[in-house]
Amino acid sequence: MAEASDLLEWPKKDNRRFLHVVYRVGDLDRTIEFYTEVFGMKLLRKRDIPEEKYSNAFLGFGPETSNFVVELTYNYGVSSYDIGTGFGHFAISTQDVSKLVENVRAKGGNVTREPGPVKGGGSVIAFVKDPDGYTFELIQRGPTPEPFCQVMLRVGDLDRAIKFYEKALGMRLLRKIERPEYKYTIGMMGYAEEYESIVLELTYNYDVTEYTKGNAYAQIAIGTDDVYKSGEVIKIVNQELGGKITREAGPLPGLGTKIVSFLDPDGWKTVLVDNKDFLKELE
């Protein structure tokens, strides 16, 4: 067992970083326009793969070498998707929520919660929807190197999910928020402090153990120095907590980038990508 216990130390020693979140949209140009003009993101790169009948666009608030970005996927001929009940929201921090909300409104976006203090807290927030119906929480904060600050997913067992992301992915529980009066609990997971980088926000709603996944949200990609060793750790944690490997560690055909992909116990997908291969892709 010494080997397994040594292996389980690896995720904490590894050089991990959130790279991007992948999801599907019905009109790539429409979403690019909305994210650049409304949210102030930059279009970082775009690729069209006609033989596979899809296009990708990468957008973010800084370069992919340092920032967390979105990877939008457009599948030819598919104009809408089912977001499901499990996906929660993305979050963007801004120094002026009201101004950003006005910009959303001016560009035809849907404001679902007007700016105001968060329930039971002091932060000023708002909620808006993009053209595909993905929810974005807008949070008023001071300047930050990473304005794209959260991905929120709902889980059926928060303690199990926290344990999975700690053991399988080497994340830290940055903060736990209990809200019994609103019947939910949140765990903020990440690799760095919450106000400096992206966090994974796991939400447990009392008595809700299952959600629909839909076909819109795809996965989060995280960098690693060794996909093979990381894959072995995932297998050990899968046996203990649930989840499964969906693609064994190894190079992707055509690209050569080494990855391993897996589902967590709630069925959310993560892809670990070799750090050096990822940087090569950006050259």
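Using the three backbone atoms N, Cα and C, a Cβ is placed for every residue, glycine included.
Sequence annotations record features per position, and here Swiss-Prot assigns active site, proton donor/acceptor to E137 based on sequence analysis. Residues or ranges marked as Zn(2+) binding site in Swiss-Prot: H20, E71, H89, E137, Q150, E201. What Swiss-Prot records for R24, N75, H89, Q150, R154, N205, P251, L252 is substrate binding site, and it gives similarity to another entry as the kind of evidence. Swiss-Prot lists Q150, E201, Q219, V271 with the feature divalent metal cation binding site, giving sequence analysis as the kind of evidence. Among the features that Swiss-Prot reports, domain 'VOC 1' is placed at 17-141, with the record citing sequence analysis. Annotation source Swiss-Prot lists domain 'VOC 2' at 147-275, citing sequence analysis. According to Swiss-Prot, the feature N-acetylalanine maps to A2.
Shown here: features listed in Swiss-Prot, placed on the structure.
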| residue | record | contacts (Cβ under 8 Å, 6+ apart) |
| --- | --- | --- |
| H20 | Zn(2+) binding site | F58, G60, E64, F68, V69, V70, E71, I220, A221 |
| N75 | substrate binding site | R24, K53, Y54 |
| H89 | Zn(2+) binding site | F127, Y134, T135, F136, E137, Q150, M152 |
| R154 | substrate binding site | T85, G86, F87, G88, L202, T203, Y204, N205, V208, Y211, D266 |
| E201 | Zn(2+) binding site | G88, A91, Q150, V151, M152, L153, I186, G187, M188, M189 |
| Q219 | divalent metal cation binding site | V21, V22, S261, W268, K269, T270, V271 |
| P251 | substrate binding site | T257, K258, I259, D277 |
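Remark: secondary structure over the domain 'VOC 1' (17-141) totals 25 helix, 58 strand, 42 coil, with classes taken from DSSP. As a summary of secondary structure, the domain 'VOC 2' (147-275) carries 31 helix, 57 strand, 41 coil according to DSSP. Other Cβ atoms within 10 Å of the Cβ of L252 (substrate binding site), summed over all protein chains shown, number 12. Looking at the residues that bind substrate per the record, R24, N75, H89, Q150, R154, N205, P251, L252, the two CA atoms farthest apart are separated by 38 Å. Ranking the binding-site residues Q150, N205 by how many Cβ atoms sit within 10 Å of each one's Cβ puts Q150 at the top. Taking the Cβ of V271 (divalent metal cation binding site) as centre and 10 Å as the limit, one finds 19 other Cβ atoms among all the protein chains shown. For R24 (substrate binding site), the number of other Cβ atoms no farther than 10 Å from its own Cβ, over all displayed protein chains, is 19. Along the domain 'VOC 2' (147-275), the predicted structure has mean pLDDT 97. E71 (Zn(2+) binding site) has a Cβ environment of 20 other Cβ atoms inside 10 Å. Using a 10 Å radius centred on the Cβ of E137 (active site, proton donor/acceptor) and all shown protein chains, the other Cβ atoms total 21.
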